[in-house]
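Peer 1: So TrEMBL has the following annotated:
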type	residues	note
BINDING	R51, K146	NADP(+) binding site
BINDING	H176, K180, E214, D233, K338	substrate binding site
DOMAIN	187-485	domain 'Glucose-6-phosphate dehydrogenase C-terminal'
ACT_SITE	H238	active site, proton acceptor
Amino acid sequence: MTASSPPVDPFDLVIFGGTGDLALRKLLPAMFHRFLDGQIPEHSRVVGVAREALDDDGYRASIRNALVEAGGAKDKIEQFLGQVHYRPLDARKDEGWDDFAEMIGTQPDHVRVFYLSTSPELFVDICQRLGHHGLNEGKSRVVLEKPIGRDLASANRINDAVGQYFNESQTFRIDHYLGKETVQNLLALRFGNALFEPLWNAEHIDHVQITVAETLGVGRRGAYYDRAGALRDMVQNHILQLLCMVAMEPPYSLAPDAVRDEKLKVLRSLKHIDESNAAQLTVRGQYRAGAAEGQSVPGYLEELDGDTKSGTETFVAIKAEIDNWRWAGVPFYLRTGKRLPARVSEIVVVFKSVPHSIFNADAGPLAHNRLVLRLQPDEGVKLWLTIKHPGPGGLRLRHVPLDMSFAEAFGVQQPDAYERLLLDVVRGNPTLFMRRDEVEAAWKWADPILEAWAASNEPPRPYTAGTWGPSAAVALIERDGRTWNEDTD
């Protein structure tokens, strides 16, 4: 059983890059799951657009296996595919655009969602042609995939150009991590419970860790990834957005701009990292051959077809700080990487120790209370507490978790992040999407780090696939008397 959401108006979802990895693995299965739950109105259409010379039947055949893997029964798959169409288009050529515009125009009352699952270099060309054919008017929306540019200057060029055809209220900059149930539950945990918010500050919190770890290598994304690297691919968007949700002040309401205003304040309060301190506050790494998930795997350079000179980082660890009253002196340790031992995304809030222990030494050590918010693979919340070990033999302390899996607690399968976010676009709800000024603030913080790395001429530190990154990442946190949370159970 899947959690339902309110119905939406009839819509056309047009996926540019419709034959790509994201469309096949995430976007189309997301729409199929919403179809199974009765959330796709009759006469709505999903239109794949790419350069491949396919017709509707050819495209449907190409995505059928992806829907089988998504858990669909044959009859339901065929019903859904009846709403799926395809148009071959090249964003930089005129051919086919008139026919495409005519097809979309046959349903003038539909909400139109144009999802740009393409290279950012094509965003402007696509928006220009949509505008030329009048497809940017009325209830039209455009979704931009991350990263928006590769630095502040290129992000501004893209936003300026897209803004000529779609205004800010029509532009949805997606970060699928914000669609995860746990991330949204942060709002409920913090602002719906008297237990947490009074303690949510530098007086009571020792530090915060945010980890996004992947067991996979770059795979078929090698060409893209080598131009981007881990900081552009993960830190500048996903991880900073998670940091904002943890650190922001209470918004005056859940109105979209109320939430996004508070996130922006956090981004603007991040302490500067540049050439003067990047060596002390950041670690970059690149994986070598090793073992992952029980199999031998090649190193990053081997996956790039033997490019032995790439200096792109596949791992980043950063000690960040927020320069405001609530978080003064509280470090935020950020970590992400490929070919790590476990696929896990989590936020760990580590509280300060009690000011004085009343227990005898033989009772055992007092451990920090930890609040662990799991984003994947099993979304949920775990709160670590100290209690007395049951039984005779004196008072012995034990650290135990109160563990809640959302799937087990609520008895329903929570919608995938893309399922939720795609329907939010149809509804015109931008709360969980990035505003332009958020993107700019994130790049203003990230750019000096990238510039410092480039100026140092130091290659990324090697680490063996299947480990938790370079030893320098361990040193980054341990020299402060702390350790990374690696309890992945």
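Cβ from N, Cα, C; glycine included.
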Peer 1: In whole Å, note down how far the CA of K146 (NADP(+) binding site) lies from the CA of D233 (substrate binding site).
Peer 2: 8
Peer 1: Cα distance, R51 (NADP(+) binding site) to K338 (substrate binding site), nearest Å?
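Peer 2: If we compare the Cα positions of K338 (substrate binding site) and R51 (NADP(+) binding site), the gap is 30 Å.
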Peer 1: What's the number of neighbouring CB atoms sitting within 10 A of the CB on D233 (substrate binding site)?
Peer 2: 23
Peer 1: Taking only the residues in the domain 'Glucose-6-phosphate dehydrogenase C-terminal' (187-485), give me the average pLDDT of this model.
Peer 2: 92
Peer 1: Find, for the listed binding-site residues R51, K146, H176, K180, K338, the residue with the lowest Cβ contact count at a 10 Å cut-off, counting only other Cβ atoms.
Peer 2: R51
Peer 1: Across all the protein chains here, work out how many other Cβ atoms are within 10 Å of the Cβ of E214 (substrate binding site).
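Peer 2: Result for E214 (substrate binding site): 20 other Cβ atoms within 10 Å.
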Peer 1: Specify the count of other C-beta atoms within 10 Å of the C-beta of the residue listed as 'active site, proton acceptor'.
Peer 2: 20
Peer 1: Could you tell me which three-state DSSP class E214 (substrate binding site) falls into?
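Peer 2: The residue in question, E214 (substrate binding site), is coil (DSSP, three-state).
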Peer 1: Where the distance is taken from Cα to Cα, which of the binding-site residues R51, H176, K180, E214 turns out closest to H238 (active site, proton acceptor)?
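Peer 2: Among R51, H176, K180, E214, H176.
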Peer 1: Work out how many Å separate K180 (substrate binding site) and K146 (NADP(+) binding site) at their Cα atoms, rounded off.
Peer 2: 16
Peer 1: Can you give me the Cα-Cα distance between R51 (NADP(+) binding site) and H176 (substrate binding site) in Å, rounded to a whole number?
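Peer 2: The separation of the Cα atoms works out to 26 Å.
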Peer 1: For the C-alpha pair, I'd like the distance in angstrom between H176 (substrate binding site) and K146 (NADP(+) binding site), rounded off.
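Peer 2: Counting only the Cα atoms, the answer is 9 Å.
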Peer 1: Cα distance, K146 (NADP(+) binding site) to E214 (substrate binding site), nearest Å?
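Peer 2: Cα to Cα, E214 (substrate binding site) and K146 (NADP(+) binding site) are separated by 18 Å.
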Peer 1: Consider each pair of residues in H176, K180, E214, D233, K338, all listed by the record as binding substrate, and report the largest Cα separation in Å as a whole number.
Peer 2: 21
